[in-house]
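Trainee: From TrEMBL, for reference:
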type: TRANSMEM; residues: 7-24; note: transmembrane segment
type: DOMAIN; residues: 11-454; note: domain 'Major facilitator superfamily (MFS) profile'
type: TRANSMEM; residues: 56-80; note: transmembrane segment
type: TRANSMEM; residues: 92-112; note: transmembrane segment
type: TRANSMEM; residues: 118-139; note: transmembrane segment
type: TRANSMEM; residues: 151-170; note: transmembrane segment
type: TRANSMEM; residues: 182-203; note: transmembrane segment
type: TRANSMEM; residues: 334-353; note: transmembrane segment
type: TRANSMEM; residues: 365-388; note: transmembrane segment
type: TRANSMEM; residues: 400-424; note: transmembrane segment
type: TRANSMEM; residues: 430-450; note: transmembrane segment
Amino acid sequence: QLQNKILILTICAAGIGGTFQYGYNISIINAPASYIQTFMNTTWLERTGVPLESNVILLLWSFTVSAYPLGGLTGAVVAGPMAIMLGRKMSLLLNNVFVIIAAALSGFSRMAKSFEMIMLSRFFTGMNAGVSMNIQPMYLAESAPKKLRGAVALTSASFTALGLVLGQVVGLRELLGREESWPFLLASNVVPALIQLTALPWFPESPRYLLIDRGDKESCISALQKLRGTSDLSAELEEMLAEQAAVKGQRAKNPWELFQNPSLRWQLVSIVVLSSAMQLCGNDSMYFYAAYVFKEAGIPQDKIPYVVIGTGSCELITSVTCNMIIDYAGRRPLLLGGYIFMAGWAIVFMVALSQQTQISWMPYLSMACIFAYILSFGIGPAGVTGVLPTEVFDQMSRPAAYMICGSLLWFNLFLVGTAFPFIVKSLAHFCYIPFLVVCVCTALYVGFFLPETKGKSFLEISEEFKKRNFKTKTRAGFYKGPEEIKITTL
């Protein structure tokens, strides 16, 4: 039991300063949006004596918002080399430096009368999220026993959802959502960073990293004993040594080497499709619509922030549920079900939006759609997508795979954030058509091409993909037999 506690505490220590920050920093920027825009205007007025035009304020605000995914993209790119050179645990610890810089910048921005400091702070916050989104699932999946691997790696999604909800709660007017306290709200992300810096050093490094990357068998065994206790480690150690032998003499791969390697073709296609779909499926855009739909449903303006917390809580509840069932249900059914349900709700949502003014109960239907869409996303795509790169790539390809995954995730977040207002403008009520197409295509891909990875060792998963990658070659290679026989008769 104590060992289970050690694993649970490792998960919490990694999560609180890891993907928790991603969710938290996405949602704390929403509450003070109008106050920061006012601050930009008054600062400019003090500097130049001329107020800013409204479209310039909007432009500056969009720069501030898009600095976050831009930082995330940078973080995702540096995460791979960090994970290889510093190890998984040390990378997570060093990653807190970015948040501490960001908190100092945003906390003192009003005092320094500089809105540029807020933009820079968002960039550093993004960098922190970019690194943790890549390294945390890798660290946890490599530290977990095989039968719990899915559930442990999936806690990353639960911490993201927890961050989202807590960010919404802290941003309420009763807490830090008032005009005078927005610098404190933006700087509050330093608290999780300090908790992680105090807690994580007490827990072991990833045993797989210690053995396969560092070749340090003693440290690996001691880390395993801490995480597993006195239970028999021979089977797990044997499996790791087999994986070490399989990658012997190789060095950690670069992202472009994955694209050139035919034996990784299907693994790469799978993570590219799923990482892109995770942002292009329109889940984050539901939050964009939430306030408008709730207002139309007759909820008073001052009560809307409380209902929006409900949407965040939905994602939290489903990701925790998904945690409990992933190692029973498997990865494929959760992904497939999630995308099929989202496609269905997208259709209902568009119909409800188009009839919003005609039929009195339609706003309530669109409100139900928002909750249902977020629930469907949380039950599968939100968590499983982050687990897959760990499972389908070997130790030497894994950091590079996460770099590709993370870069796509952040680039698409930026793309959707920039394009969505224009999609709404041009397609009006039918703005969810692009997202519907993404959901249907992804469901088809998962249904036809993605193998199940539940309960398999990393080597078994590699073997299964090897069969797929070289299926066509073995058929074409049948006629080489006679030549080989000739050679043996010589």
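Cβ atoms are placed via backbone N, Cα and C, with glycine included.
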Trainee: Count the Cβ pairs between the transmembrane segment (365-388) and the transmembrane segment (400-424) that lie under 8 angstroms and are 6 or more residues apart in sequence, then report whether there are at least 3.
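Mentor: Since fewer than 3 Cβ pairs under 8 Å link them, the transmembrane segment (365-388) and the transmembrane segment (400-424) do not come into contact.
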Trainee: Spell out yes or no: are there three or more C-beta pairs under 8 angstroms between the transmembrane segment (151-170) and the transmembrane segment (430-450), with each pair 6 or more apart in sequence?
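Mentor: Between the transmembrane segment (430-450) and the transmembrane segment (151-170), which are separate recorded stretches, there is no contact, as judged by 3 or more close Cβ pairs.
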Trainee: Please compute the mean pLDDT of the model over the domain 'Major facilitator superfamily (MFS) profile' (11-454).
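Mentor: A mean pLDDT of 89 is what the model gives the domain 'Major facilitator superfamily (MFS) profile' (11-454).
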